[in-house]
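As structure tokens, the structure follows; a few thoughts come after it.
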Amino acid sequence: MAFRKENKVKSFTRIFISLASSDNILAQSSGEVLKPETINYRTYRPERDGLFCERIFGPIKDYECHCGKYKRIRYKGVVCDRCGVEVTEKRVRRERMGHIQLVVPVVHIWYFRSLPNKIGYLLGLSSKKLDAIIYYERFVVIQPGITDKKVCDLLSEEEYLEVLDGLPVENQRLDDINPDKFIAKMGGEAIYDLLSRLELDSLSYELRHKIDNDTSQQRKIDALKRLQVIESFRSSKNKNRPEWMVIGVIPVIPPELRPLIPLDGGRFAASDVNDLYRRVIIRNNRLKRLIDIDAPDVILRNEKRMLQEAVDSLFDNSRKSSAVKTDANRPLKSLSDSLKGKQGRFRQNLLGKRVDYSARSVIVVGPELKMHECGLPKGIAAELYKPFIIRKLMDRGVVKTVKSAKKLVDGRDPIIWDILEYVMKGHPVLLNRAPTLHRLSIQAFQPKLIEGKAIQLHPLSCTAFNADFDGDQMAVHLPLGNEAILEAQMLMLASHNILNPANGTPITIPSQDMVLGLFYITKMRRGAKGEGLKFYGTEEAIIAYNEGKVDIHAFVKVYVDDIDENGTPINHIIETSVGRVIVNGFVPKAVGFVNEELSKKSLRSVISDVIKTCGVSRTAQFLDDIKDLGYMMAFKGCLSFNLDNVIVPKEKETFVQEGYKEIEEILANYNMGIITYNERYNQIIDTWTHVNSRLSDALMKQLREDDQGFNPVFMMLESGARGSKEQIRQLSGMRGLMAKPQKSVMGGGQIIENPILSNFKEGLSVLEYFISTHGARKGLADTALKTADAGYLTRRLVDVSHNVIINEEDCGTLRGLIATELRKNEDVVVSLYERILGRVSVCDVQHPESRKIIVYAGEEISEDKALAIQNSSIERVEIRSVLTCESKKGVCVKCYGRNLATGSIVQIGEAVGVIAAQSIGEPGTQLTLRTFHVGGIASNIATESSVVSKYDGILEIDELRTVEVVDEINNRHLIVVSRLAEMRIIDTRTKIVLATYNIPYASKLFFNDRDEIKKGDLLFEWDAFNASIVSEVAGRFHLENVIENITYKNEYDEQTGLKEKVIIESRDKTKIPVIHILDENGEIRRIYNLPLGAHITKEEKDVIRVGEVLVKIPRTVGKTGDITGGLPRVTELFEARNPSNPAVVSEIDGEISFGKVKRGSREVIVTSKNGDYRTYLVSLSKQILVQENDYIRAGMPLSDGIIAPSDILAVNGPTAVQEYIVNEIQDVYRLQGVKINDKHFEVIVRQMMRKVEIIEAGDTKFVARQLVDRDEVSEENDHIWDKKVVVNVGDSSNVKQGQIITMRKLREENSILKRRDLRLIEVRDSIPATVMQILQGITRASLQTSSFISAASFQETAKVLNEAAIKGKVDKLVGMKENVICGRLIPAGTGLKEYDKIMVETTME
């Protein structure tokens, strides 16, 4: 028998998966397993022909046969004549397969138990019928012959025998190929015969015809599903046959992959797979015996069924209802289970391997280390660098053999320390802290030998690792190869990773004590020693300080070197302090003199400036210097606080009293019936929120003034070293409102009306303490749940985007996104500068006044250019974006723009997909699970109810309809009755829009269109607690269909004794409650619909004036808007889920009218100006936001609720939905104060929009409703563009009907036919496929990726693999996961193919 001598790894470029035929399995097998025995329990040697047989799988000892006749390597390759074992090494037992020859074929469980049911669709049988055939309950007709049965009819045994009795005797003697013979079988054999008789091509043609012509939607859908399975087989181009889903031979995996492990006491722990194989072999052998002795059919059938079940369990035990269990009642792990899940083959062994040359230990702080260093304990270092030390020991001739060198190292002989120092030079180590949430969780450091057993970590790299020194552990890894060492030094060294890849701001930034020290010495105070002194230079100032002549905080004048706005060096006198002079001694000259208090915020901008002007290495040095200075000064300043530093504001008592006064008024109003229960609740919450924020402001003011701002508590807060405003407010203000415990998760977080008025300094009462414990505990529980959720989000994000790599310089697209600044009301949330910085412009950007070009098309927008654009009156810039990039693979440099981690334009090969996923996933743990923070304190924002102008200017109002109202004191104002009204404030001089507002329905408006306004004018106000319906006409009030206890109920308030009519959902769907406004003659002038939960404020026959409120609809109680907060919202958006109560959205512009009521829904009809109309059904339980005759725009909601992303895509197109998703997710992160650059979200959203759905397949290879890559469709459409489809073959024998042929072939064929005077071929033009863009959630997008290996390692492993096998998929190994799994270099960074081709040569002088 031949065997491989060299163990050379074959290089491969793609991996192909398909069904295995019996011949394939036999070709790979080394022999048949005949016995169920594993090993002999007396001799512990494998049994012959058993599951561990040495003859089949190879010897268990190197170069030794079973019987011992041949031993030693010299017999290598000899097959023993006594025991039949080949003499070779024992590792072949890891790769040699065996097989089991089954007596009857069985059906593979994957193909009839997983959905969609492949065999069922191919044969057109339901799962139930299929099970009846496979498990030997029914016969199935395979060939009807001369009977009246049809193919695939099921027969019970009686019916089968009846049919046989009715047939002439000779029928059964006919040959199977004879179409007259009646054949019916059951079990695997029947399925095998049926599948092998399928004609896929003609079946495909029939189904396509049926889809085109069938009238019933359901039949169409069924045919489509069948067609998809059939097309899968056809697309695998004869590599797959349907009958291979039935197996006659089962492969046996190598014994070392299912080992027997001896335990103490002579017992064995066997792998579960062995048990499953044993059951198959036992049943198979029993069946053989029964057939040999001609057992009756009933017994045979039962045994065959048991064999089918045994094979099912072997392949996939978890899919069966009656899984095979062990004695301990645990289901056995089958072959499928060993691939699935976190513990499966993919994720446990292929994507995450344990590696050699690694160590882990506790970390401690190393304040005297340099930025690029870490302290490595001697014990760890000696072990890690062992081979290098041994080599050096031998080179230097200290020892002769490896063994003795090993002894020296293990004995920690003093001689090895010098050698270790030498070996470690220029050989960095990698430090990693779990959880590795982003790429900065693994960084390279140059190790320094230290005593002790803990690793020392530089304090500035803690932020990146998210490490603290309360017992965290870190792992050390050693890069071995020269390339690896070089990459660690050039790319991963900690001093090179100063910027955060998520947003480009410095991440190695002093924190805690360092900040406190720097803040302390750059703070100035009046009246300090030496105030007003003048120094001619910085040295003199420092000498004076050292001599004790001047205080470090004193205001002094110093002559310093500085830099003006244009960056030219100047010298001038400035007022500063000695502390700031000392700090500036370390600041690079090119940055100028930093004359400000250094808090965490200002330090960040100083460090950014240093990086921009001086580069990374100088920044690293600067960071080290200010780290040392910060620690020194925190120590010198003795900054700790005592109880007296925690100041309780003087005004607290008065604020609280005022709060109580307001609440008395609210309760009085409530008791008089002026306001409803909900309004009372909302107003009370509002009052306390207001008191709390006033108290916070007073507290901050007082702390700031205390001891000239040198109050230690205030300094810790102000510098950003420790604590937050919220925490200080609780220490010395009041704890404020608390959240109610939720009975269920959906219970909604209500707020307890009575706030905790005490603070921690005064101490809480027992009741207050009890209320606050709830919040504290909930916080801990939430954190634990949140971590898992955030980790799973990151995993899905990486999976969807791991193959987005920068692959080319420029894709040449002409498209881009319009970037504008983002505003909420009039506050700028994100400036235009931030949005365009580091992007590439699509077209030339001209300055509007000077007409000078600021940025050319295709040029990166740098800081100064972005600033120039921001300062000009340009409002929008078209920038290149990943979303519009047209690269076939990955994205291009120009569309991505700047790499935030380096601050320069991105390089080809950068793995931007993974970086995006990490940047979004890493802050995930900081997002809230719900809407409350700080020990359960309710952060309910005081509700706004009016808009005051912040600018002078002119008003522009669009889409406005108003009615004029005169109130009791004869003041006139306008009430807005349109839903689309938008107000803009325009600068009178430059005509720039300063602010934009949407005016809510039913607002009071105080100005008209084109009015001039001044800063501080009240523009409009509205009722924040109620939505209302306003009458647009005067007349009499009349209620229609408002019937007690059917469409409304009286809500009786015990405290006030007042009744209110509240609309409820009626059982009788024909009765729709409406308000009619009647004129004098009783004619209806207007109709208003009443939504659920509406409170009717008027009585029957009341006289109604224009602009009066008819109905109030209370907004939900005390919830901060109707928002899903934090992580769940992010997940909802990334998964592109439709919200639970989606709004109904209009697809066209038009006027509203109402139709009939159908099945609990109201018809809303939108009619456009050209007469085109759409009808929408809005459920009666929803509030309809529009009234009769309103004019609305496409994309506007007709009912309340959140607009679903799929609607935005359908109505406003892909760009709108992309922007919507990016902005919505950004909102969640911004709320938590997390800054992430837009381009990361764009990368993910691009991956969500990769696929299109085929609407009409035309003449392409696709099937309707199939999801296909956009590029694939355009390729296929281009391919059939100028081809023809044969309609009539004429007299030609070379073409078939429906075949696609080229014009050339058509001309050739027809000219031949013409010469012979035969009928010509008739053709029509080919029809390309039409598609619709779809939006996929990240999970679906990951599973739909073109690489089946990547999809299988993500989720639903079995399903992904069995669909890939049927299609005969090829994995071209383009993404990262596939390459990691195959053990190759990833195709990104330095592993990119382009970099392999680089030749290095020396230039001759």
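Using the three backbone atoms N, Cα and C, a Cβ is placed for every residue, glycine included.
What Swiss-Prot records for Cys65, Cys67, Cys80, Cys83 is Zn(2+) 1 binding site, and it gives sequence analysis as the kind of evidence. In sequence order, Glu54, Pro59, Lys71, Cys80, Arg82, Cys83, Val85, Glu86, Val87 are the residues near Cys65 (Zn(2+) 1 binding site), counting only same-chain partners six or more apart with C-beta under 8 A.
Swiss-Prot lists Asp468, Asp470, Asp472 with the feature Mg(2+) binding site, giving sequence analysis as the kind of evidence. Secondary structure from DSSP puts Asp468 (Mg(2+) binding site) in coil. Contacts of Asp468 (Mg(2+) binding site) defined by a Cβ separation under 8 A and a same-chain sequence distance of 6+ are given as Cys462, in order along the sequence.
Taking the Cβ of Cys885 (Zn(2+) 2 binding site) as reference, residues of its chain lying under 8 Å away and at least six apart in sequence are, in sequence order, Cys811, Thr813, Val891, Cys892, Cys895, Tyr896, Arg1246. Annotation source Swiss-Prot lists Zn(2+) 2 binding site at Cys811, Cys885, Cys892, Cys895, citing sequence analysis.
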Cβ within 8 Å of the mean position of the Cβ atoms of Cys811, Cys885, Cys892, Cys895: remaining residues of the chain near Zn(2+) 2: Glu808, Asp810, Thr813, Arg880, Val882, Thr884, Glu886, Ser887, Val891, Val893, Lys894, Tyr896
Cα separation, Cys67 (Zn(2+) 1 binding site) to Asp470 (Mg(2+) binding site) (Å, whole number): 61
Neighbour tally for Asp470 (Mg(2+) binding site), based on other Cβ positions within 10 Å of its Cβ: 5
Shell list (Zn(2+) 1; ref centroid = CB of Cys65, Cys67, Cys80, Cys83; cutoff 8 A): His66, Gly68, Lys69, Tyr70, Asp81, Arg82, Gly84, Val85
Euclidean distance between Cα atoms of Cys67 (Zn(2+) 1 binding site) and Asp472 (Mg(2+) binding site), Å: 56
Fewest other Cβ within 10 angstroms of its own Cβ, chosen from the binding-site residues Cys67, Cys80, Cys811: Cys67
